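**Q** Next up is a structure, given as C-alpha cells.
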C-alpha cells in the first residue's frame, strides 16, 4: 500500500496484465481533506448555479410525475454508480487519483486515453454551460462591464457555499411568493409528436447530468485515510442532505410557473430589484468559481506534463498558465456564445459523457475488477446496467443533437437568449 501522505510522483510503474501503464506524476497535493470537507465540495457541486435551470430543463419536459420520480431515481442510481467507482479507488494495492489512471490500470493504455478524452469532453461541456449561466446572470442584472480577474490559487469553500446559499434561498422565496399569488398554472408537457418525445429523452440525460461530475477519483484523491470509508460517508451526505436544496428550488420553481418556467429560473421570479440582483450576482460568481474547479483536471494534466511546479509567480509558470488556461477559457466562451442553449448542452453532456463515464464505465470496471467475487446474478445485474445505459446514451445523444439543430435554426448562431 503506498503512503497516501506523499506526492503521487513517488508511485512506481505498474502492470495490468495487458501491457505497462504508467500513471503520470502529479503536480498537485493529495490526501489533505476530511470526509466532511469533501462532502461539502460534492454538495456545492450539485447545488451550483445549474440548479437554477432544472425547473425548466427537467420538470417542464417531464411534468410532475416524470420529473419527481425521475429525479429521485437519478439520485439513487447516481449514488450507486459513484459508490462503485469509490470502492475501486485502492484497487490493486495503490491509489488511483485520476479516473483515467483507474481505467488504464484495469484495461490498459487504450482505456486510459479513451477515458481522458471522455472526461475532457465532459468537463469542457460542463464549463460551457457555466459560461452560459454566467452570461444569463449578467444579462438579468443588466451589468454592462466587469473588471477582468483570474482565480489562480483556489477558492475558499465557505465563500462558495455562501454564494450557493444566497441564490438558492432567494430563488426559493421569490418563487414561493409568486406561486402563492399566481392564478392556476398549466402543468401539461409542452410540444407534440416527435418534438415532444425528443424533449423527454433529452430531459432524461439532464437527470443524470444533475448529480454527476465525471471526476470522482480526482475528488476522492483529496480525502484522508481510510479513503473508501470516508468517501462513502461523503457520498451518503451528498445524496441525502446535499440534494435537498436542489429538490427545493426545482420543485418550487416548477410549481410557481408551470410549463412556462424558463431554463434560467431567475428570469421568472418577481421581487425587489436589489434582491434579484444579489441572486444573479451570486449565481454569476458561483459559475466563475465552478468554471475553474471543473477545469482543474485539465490544469493539473498540463502542469504535470510540462513540469510546472513551484511558485505560481515564477515567470515561466505564470506565462504558461495565463496562455494555456486563458486560451482554454477563451475557446470555452466562444462555444457558449456560438450555441447558447443551456438545456441542450446539459442534455448533450449527459448523453455523450455522463452516461458513459458514470454508469457504463463504472459498472463494467467494477464487474471486471470484482468478477471472481461476484455471483452470476450480480454479474448479470451489472451487464443489464451496461446495456441499458448504453442504449440511453445513444438515444439521448441523437435527441440532444436534434435539439441543438432545431434551436440553432430557430434562434441563429450567437443568439442573445
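Here the Cβ of each residue, glycine as well, is placed from N, Cα and C on the backbone.
Keep in mind that this is a model prediction, so the values were computed, not measured.
Relevant sequence annotations retrieved from TrEMBL are reproduced here:
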COMPBIAS  7-19  compositional bias 'Basic and acidic residues'
DOMAIN    33-139  domain 'Amino acid transporter transmembrane'
DOMAIN    152-401  domain 'Amino acid transporter transmembrane'
REGION    1-25  region 'Disordered'
TRANSMEM  34-52  transmembrane segment
TRANSMEM  64-89  transmembrane segment
TRANSMEM  109-133  transmembrane segment
TRANSMEM  153-174  transmembrane segment
TRANSMEM  194-214  transmembrane segment
TRANSMEM  235-257  transmembrane segment
TRANSMEM  277-301  transmembrane segment
TRANSMEM  322-342  transmembrane segment
TRANSMEM  348-368  transmembrane segment
TRANSMEM  380-404  transmembrane segment
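A description of the local structural setting of each listed feature is requested, covering burial, neighbours and distances.
**A** Cβ atoms under 8 Å from those of the transmembrane segment (235-257) belong to residues 35-36, 39, 42-43, 46-47, 51-52, 54-56, 58-60, 64, 67-68, 71, 75-76, 78-79, 82-83, 86, 164, 168, 171-172, 175-176, 178-179, 182, 185, 187, 210-211, 265, 268 of the same chain, restricted to positions at least 6 beyond its ends.
Under 8 Å from some Cβ of the transmembrane segment (348-368) lie the Cβ atoms of residues 77-78, 81-82, 84-85, 87-88, 99, 102-103, 106-107, 115, 118-119, 121-122, 125-126, 129, 204-209, 212, 214, 374, 379, 382-383, 385-386, 389-390, 392-393, 396-397, 399-401, 404, all in the same chain and six or more residues away from its ends.
Same-chain neighbours of the transmembrane segment (380-404): 198-199, 201-202, 204-205, 339, 341, 343-345, 347-348, 350-352, 355-356, 359-360, 363-364, 366-367, 374, counting only residues six or more beyond its ends whose CB sits under 8 Å from a CB of the stretch.
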**Q** Which stretch from 64-89, 109-133, 194-214 shares the most C-beta pairs under 8 Å with the transmembrane segment (34-52)?
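**A** By Cβ pairs under 8 Å, 109-133 leads among 64-89, 109-133, 194-214.
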**Q** Under an 8 Å Cβ to Cβ limit, what residues of the same chain, 6 or more beyond the ends of the transmembrane segment (64-89), are close to it?
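**A** Non-local partners: 54, 58, 95-96, 99, 102, 106, 187, 189, 200, 203-204, 207-208, 210-212, 216-217, 220, 227-228, 231-232, 235-236, 238-239, 243, 246-247, 250-251, 254, 358-359, 362-363, 365-366, 369.
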